[in-house]
Amino acid sequence: MSIRFGLVESSVAVLPFTQPALWVALGLPCLLGVLGAWLRPQRTWPILLAGLPLAASGIVLLMIVEQHGLQRWQLEWGKLTVQLRLNGLSVLLLLLTQGLGLVAALYTPGELRHADPAQRRLERWLWPLLGILVGSLSLIWVAADLLTLYVALELMGLSAVGMLLLPGKVESLVAGIRYLLLALVGSLSYLLGVALILGHWGRLDLAGLVQVVEAGPVAWTAAALLGAGLALKAALFPLHAWLAPVHGNAWVPVSALHAALVIKASLFILLQLWSVLIPDSLFAAQLVAWLGVIAIFWGGGLAWRAVELKSLVAYSTVAQMGYLMVVFPLLLGPGIPASVQGLAWQGFWLYLVGHALAKAAMFLAAGNLILATGNTTLQGLTGASRQLPLSLLAFGVASVSLIGLPPSAGFTAKWLLLRAMVIQAQWAWVAALLLGTLLSAAYVFRVFRYSFVETAPHYAFRALPPWLDGLALGLALASLLLGLFAYGPLTLLQGSR
Amino acid sequence: MSATPPLFDLLLALGLVALALGCLFDRHLVRACSVFVGFALSMALAWWQLGAPWLALAEFSLGAGLTGCSLFYALGVLPPGSPLPSRRDWFREPFRQAAIRAVLALAWMGMIGAALRHSVPVMAYSPMQQPLLLAGVAMSALGLGAFALHRHLLRRLLAFNVLGSGVFLLLAGLTGTMAHAQALIITGLGVAWLGTLLGAMLIRRLYHLQGAKALISDNESIRQKRQGP
């Protein structure tokens, strides 16, 4: 597993372009964020123009990895060393982060223009926080030592909390302070785990730890501490209670980014650290998987009963994280055949990327529907099909991927995962995956049940600028097409071995 | 281990635990925050004693200075003339819930203590040789217990800060004061300050919008339970 994360010696020397491109990818978002706070863009074309060099840096890094494979290097800074690695997985997630960050930035002026003026007091701060969030997420994908991961995790967590608080409503403040306190305690748990590792093995670089870690109480305790802290931040069941209020009360692009990337970053670190510390532990992976099974049904059930549109989308995140948790026993554990692990590895990341795109699209679409109808509940959507066809189309295409219907990324990923589970004869997980799919179809179709009520009176819906729908539809289509063109990303993931 | 006799370490450790108890379980919030500043100053002394002057400086400025100011800002003591939230926390948790929370937190800390005993040989043979490490265990257990127990937002912030200091002491006790450990702790101190500042601003804003009842977190669920059968 650690090989798949690129924690091995690289055969290639670091290319001269790699570092500058990475600095652009890490630093430019923060710089643009400061610029955004100063200029407060009201239109989309300046944002698009500013995002171009960022996307260019991502594409340069993609080309480097495609041609030369894994790159690893370290930076010395006084007595401290910072380890970085760039492989197929990190480039894929980096591109995803840049894309979603750009879409969120493009959506922001539209959202702010329609927001209640009382809630716009702090809108200036959104831009730098967005920049720091994108920069720190990018750092998480490439960092390969525990210190850098800690710094990036904290930057990400604090900027995410800050962004969620900006509307300044009482509900968002109450949800935000709960999230803040839990996230802070989660990072202390992470820090204690790191302390155990540093005290026992005397090093923090993951590739070095792979060589020296042996199974034992220290590795297990450290894994438990790191796991608990990160599971709290990733809203893994049963530590998910803070998630829905936070998503329900934030600005739309902020909830989209948070659901799509921020909680996934903690999951990414969790899987990476466990594959270093407890690659052969049966119990931990099984525990996570069973919790995942409960999450699929618990989250699905809550989404099915949700009254508000945004909390439906938020609870569905709890359920969808459950699918990713169920894959753990196929990735970690003794005696998993390489072919099964390969399938599960590809399925896991494809599912994560597909879900990130679909969930962001769904939040944007839900935001559009709420902006247009001025009503946050599901019932407020009655009759929306006649007047808001584009927003509903975006929601529908996103839900195709979320449910896992062909040809979406959700379908391809679930197919890979099912194959791996069937080969391993893990029928319990197969059943959970299939029943969970039915359940997600059930709660998503509730939205359409309301919106296609034909006898509804004509409500006065607010007209939206077409590019708001365009952004949601674009993301939803990306998630759909990722299933058809999964070959490229999958070879990139496989090439990272 | 430092060359000074462990007597000073022992006194410092006892003092730290006593101050932690004071700031966690005093219902008079201004006094609790003042005790916290004293606690942070003793932490700075502990870092000095452990041979990490930079950490002592960081603790002095970030822990005692800026975090203390943030807490007093949340209480409305700073800046002078701000509207004053209630300075006392009279909220009493239903006993059963409180007991379950505290027991869970302490069980979690007990597990960690057992693991520490296993992983650090010194702890198993002569724990008294490392009084500061023991103080770290006690402080983090107290902090976590208080975090689980209290509902008042400011007291939860205090509990988080004590928990953090305990974890930092544990970290330093486990790893010594090598460069990487110091970097981790300084990052942690910075995060704790930023978190406290953010929390303080939130508390002020919530008080401004909703009054004193908003400062009891999770009050919604508790109120519903009380109204139930």
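Just so it is clear, glycine is given a Cβ too, placed from its N, Cα and C backbone atoms.
For A:143-439, the entry in TrEMBL reads domain 'NADH:quinone oxidoreductase/Mrp antiporter transmembrane'.
What TrEMBL lists as transmembrane segment is A:20-39 (among others).
The transmembrane segment annotation in TrEMBL covers A:46-65 (among others).
What TrEMBL records for A:85-105 (among others) is transmembrane segment. Below 8 angstroms of C-beta separation, residues 4-7, 10, 18, 22, 25, 29, 36, 47-48, 51, 54-55, 58-59, 61-62, 64-65, 69-73, 127, 130, 133-134, 137-138, 141-142, 144, 207, 253-254, 256-257, 260-261, 268, 349, 353, 356-357, 360, 364, 471, 474-475, 478, 489, 491-496 of the same chain, each at least six residues beyond the ends of the transmembrane segment (A:85-105), sit close to that stretch.
The transmembrane segment annotation in TrEMBL covers A:125-143 (among others).
Per TrEMBL, the feature transmembrane segment maps to A:179-198 (among others). The list of residues near the transmembrane segment (A:179-198) in space but at least 6 beyond its ends in sequence, with Cβ under 8 angstroms from a Cβ of it, reads 146-147, 150, 153-154, 157, 161, 164, 204, 209, 218, 221-226, 228-230, 232-233, 239, 242, 246, 277.
The transmembrane segment feature in TrEMBL is assigned to A:251-275 (among others).
Annotation source TrEMBL lists transmembrane segment at A:281-300 (among others).
Away from its own ends, the transmembrane segment (A:312-336) comes close to residues 1, 234-237, 240, 243-244, 246-248, 255, 259, 263, 267, 271, 274-275, 278-282, 284-286, 288-289, 291-300, 302-303, 306, 343-345, 347-348, 351-352, 355, 359, 362-363, 366, 378, 402, 414, 417, 420-421, 424, 426, 429, 432-433, 436, 439-440, 443-444, 446-447 of its chain (Cβ-Cβ under 8 Å, at least six residues beyond either end). Residues or ranges marked as transmembrane segment by TrEMBL: A:312-336 (among others).
A Cβ distance under 8 Å defines the sequence-distant neighbours of the transmembrane segment (A:348-371), meaning residues of its chain 6+ beyond its ends; these are 89, 92-93, 96, 100, 103-104, 107, 111, 114, 247, 252-253, 255-257, 259-261, 264, 267-268, 271, 309-310, 313, 316-317, 320, 323-324, 327, 331, 380-381, 384, 388, 391-392, 394-395, 397-399, 401-402, 408-410, 412-414, 416-417, 462, 464, 468-469, 471-476, 478-479, 482-483, 486, 489-490, 493. Per TrEMBL, the feature transmembrane segment maps to A:348-371 (among others).
According to TrEMBL, the transmembrane segment annotation covers A:392-413 (among others).
What TrEMBL lists as transmembrane segment is A:425-445 (among others).
Residues 44, 99-100, 103, 106-107, 110, 350, 353-354, 357-358, 360-362, 364-365, 367-368, 371, 390-391, 393-395, 397-398, 400-401, 406-413 of the same chain, all 6+ positions outside the transmembrane segment (A:466-487), place their C-beta atoms under 8 angstroms from a C-beta of that stretch. According to TrEMBL, the feature transmembrane segment maps to A:466-487 (among others).
Of the two recorded stretches, the transmembrane segment (A:20-39) does not lie close to the transmembrane segment (A:392-413), with fewer than three CB pairs under 8 Å once pairs fewer than 6 apart in sequence are set aside.
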